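A quick write-up on the structure given underneath.
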Amino acid sequence: MNFAVGLKPLLAEARSMESLEKQLICPICLEMFSKPVVILPCQHNLCRKCANDVFQASNPLWQSRGSSAVPSGGRFRCPSCRHEVVLDRHGVYGLQRNLLVENIIDIYKQESARPLHNKAEQHLMCEEHEDERINIYCLRCEVPTCSLCKVFGAHKDCEVAPLPAVYQRQKSELSDGIAMLVAGNDRIQAIITQMEEICHTIEENSRRQKQHVGLRFDALYGILEERKKELLQSIAAEQEAKLQRVRGLIRQYGDHLEASSKLVESAIQAMEEPQMAVYLQHSKELLKKITDMSKASMSSRPEPGYENMDHFSINVDYVAEMLRTIEFQTEPLGEDEGDGPGEGSEAATEEDRLDSLEAPEAAEDVGPRQKPASSPHGQH
């Protein structure tokens, strides 16, 4: 079925108005913007009332505009692009009004008030029967047509229905479809919001567990540093004791060497004495000093291996292997257990485990350390 030429401009105008109307729909209330209209930093528009509803829902503790207290700022997400909108203490009343959109709404309402159906009746004329209006709808061909086409034309064997009835039915179907899509969009938006909350929770839980693991390893580092300090102090103590003994022997041998050298010098000078009487006066005393010096015992010295410090060796291979097996618990502790006595019990258990690791090491160190103290050369 062909339409009159005047139908094309009308359909173009209708499509243009419909496209314009879609641009003037608020994504919150799904109705045409109601003034005042505010523009967000992301360049999307909202009814100020709808923006305030979203803002209040996202900031339940934000004080109202009429409150005597000075409110603080807040934030919410744009329903169109999910961009975060940060507001000052004025809330949505601090957003700029979009006067251009408000003017377009006024013009659209004026144009919409014009009788579109009257224009349709004037322009929707049958192309085959120029004086006949399009007033029925062919149900089989699914096209509007005129009465003469039903009686004499291409649709005389088709079932037809009044155009307004088909119009209302299809418009109702389209409205139901739009409502279904809007409801589906709301569900999808709710799912997106829920998933974003899940992402936030995952990030927060990960941050908390990272901090928890870091504290546990810091405690291990502290225990290792303390044990290292104790072992080094044990080595330093034995080192000092051995050095004092050896240095005492060095001073003793040095004194003996100095006295012997002086005695040699005195004996040489006595040998050079030309007078026999003078020589014989001092020779007996000199011989006695030489005999006594020769008989002085200088046998005290460190025994072989006294300088050895190998008994302070430690074996940490099994401890390192045990540390490599540290894994996460299969059943995580609850919040109450982590914050209360359970956390102390866990810390005590870990300290007991570390004490058990240190016990063989301490036993290995105590034996060798006692050995030098009990040996004869360990006493001054």
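For all residues, glycine too, the Cβ spot is worked out from N, Cα and C.
Features as listed in TrEMBL:
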- 26-82: domain 'RING-type' (DOMAIN)
- 121-163: domain 'B box-type' (DOMAIN)
- 271-329: domain 'COS' (DOMAIN)
- 330-380: region 'Disordered' (REGION)
The DSSP breakdown of the domain 'B box-type' (121-163) into helix, strand and coil residues is 9 helix, 12 strand, 22 coil
DSSP tally for the domain 'COS' (271-329), helix/strand/coil in that order, comes to 32 helix, 0 strand, 27 coil
